[in-house]
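According to TrEMBL, the protein has these features:
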| type | residues | note |
| --- | --- | --- |
| BINDING | T44, D45, F152, R169, V217, Q218, N244 | 5-hydroxyisourate binding site |
| BINDING | T44, N244 | O2 binding site |
| BINDING | T44, D45, F152, R169, V217, Q218, N244 | urate binding site |
Amino acid sequence: MSEVFLQEQSYGKDRIRLVKVRVLLEGDFTAAYTKADNSLVIATDTMKNTVYILAKQSSNVQHIEVFATEIGQHFISTYSHVSKVNVWVTKHKWTRMLVNGNLHDHSFIRDGEDVRNTKVIMIKKAESKNTAVKIESGLKDLLVLKTTGSAFYGFLRDKYTTLTETDDRILSTSIDATWTFNTSNVSSISQIPYDDIFNSIRQITLDTFATDNSASVQATLYLMAKIVLEKFHEINSIHYELPNKHYFAYDLDRFGLKNSGKECDVYYPISDPAGLITATVARAEPKLRESDIHTENGDPIKAKL
């Protein structure tokens with residue numbers, strides 16, 4: 001029998017009911033798997049309690065990127081055998097109810113099904129006491145629809161193509177977006193305006209969807225991402241997923257009713273199959289100037305860039 005080894009492992013506590021928190025730890029836990037030795041295992045119940053205690057002590061629970069960083073920092077600094085911490089936080093939207101024209105002091109309503117999320121990864125560098133940090137944030141399930149201002153024509157046609165071209169159609173999608181922050185300077189992580197960036201990206205996404213005279217979902221997606229990267233230097237890249245939510249005109253000709261062209265106002269939804277359009281748009285690495293390129297002794301190198 002060939003020798004086997006534990007190639008990868010992680011464990012943690014999922015769906016901790018606070019906002020919603022998930023923690024996975026990686027490190028020197030091999031003996032728990034291979035030798036049934038639990039001496040270094042941090043119980044997932046301990047993880048749950050830790051998250052609640054940190055939530056009680058922290059002033060940043062509403063700022064999920066900062067709170068996730070605090071959770072990660074706790075585990076990686078408290079336990080020397082933990083080498084990597086993964087923290088996911090999801091935040092649902094709750095808004096105070098409007099009662100008799102005033103915001104109620106203790107009653108809330110779920111304000112839409114879209115959610116805000118973040119993932120923070122903290123890695124202990126073996127060669128130093130420093131910790132590398134990666135922060136991704138995003139929004140999920142932002143359901144949108146517009147009744148005009150969208151077209152799709154000029155696409156490749158062959159013997160298998162049956163889709164008709166259109167210069168006016170309903171466009172609907174459930175938008176997921178994930179953006180990666182520039183965390184190369186660890187000391188500046190706490191200074192990033194995460195909440196403002198989230199609110200602005202959500203609004204950019206909605207505004208672009210509504211106002212772009214869309215030639216395709218691909219073109220609208222790219223425009224959203226381009227505007228985000230032009231506005232926020234703190235972001236290195238942004239990933240969008242826009243699945244099609246199809247609505248087709250219902251055939252009422254058989255009932256003697258016209259429901260096509262400008263007289264079309266009755267539609268029915270089709271869930272499957274549906275197109276899925278995704279893309280990641282990243283900030284280009286700056287090109288080196290000729291004056292920036294030198295040999296080890298400081299002499300300039302002539303290079304064609």
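Indices start at 1 and increase along the chain as displayed.
The backbone N, Cα and C atoms fix where each Cβ goes, glycine too.
Counting neighbouring Cβ atoms within 10 Å of each of the binding-site residues (D45, F152, R169, N244), the lowest count belongs to D45.
Residues within less than 8 Å, Cβ to Cβ, of Q218 (5-hydroxyisourate binding site) and separated from it by at least 6 positions along the same chain comprise I277, A279. Counting every protein chain shown, the number of other Cβ atoms lying within 10 Å of the Cβ of V217 (5-hydroxyisourate binding site) is 22.
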